[in-house]
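Inspection log for the structure reproduced underneath, given as structure tokens.
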Amino acid sequence: MAFNMITFLQMAVFVVILFNINLHSASAGSKESSAHQSSDDSIKAEFCDAKCTMKTDGKWTQCHGGCFCVHVGNETEGRCMRLDGDYDYPSTQPEE
């Protein structure tokens, strides 16, 4: 009885190992990326023609044409940038 149980457990472990090897080899041979990214769903960032500067009161000058001000660190001059694409910001209003 004990011999049969040990043999059964060894066979079960062997089958599990073969199953894992088969799954790994099937996924490793795949040439496609796992998450398809289409250019239709991407976001395009581009700089606008204007620059923005920090005023003496600490506020930044406004960018126009759907652009916003981007600056690095403590710099007092930045560039206006626009994002185009399929993105959705969550609403600040509670859902009904």
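Yeah, the Cβs are placed from backbone N, Cα and C, and that goes for glycine too.
The record in Swiss-Prot lists a disulphide bond between Cys69 and one of Cys52, Cys67, namely Cys52. Taking Cys63 (disulfide bond) as the reference point, the recorded positions whose C-alpha atoms are within 10 Å of its C-alpha, out of Cys52, Cys69, Asn74, are Cys52, Cys69. Looking at Cys52 (disulfide bond) and Cys80 (disulfide bond), their Cα atoms lie 6 Å from each other. In this structure, Cys80 (disulfide bond) is part of a beta strand by DSSP. For the pair Cys80 (disulfide bond) and Cys67 (disulfide bond), the C-alpha distance works out to 6 angstrom.
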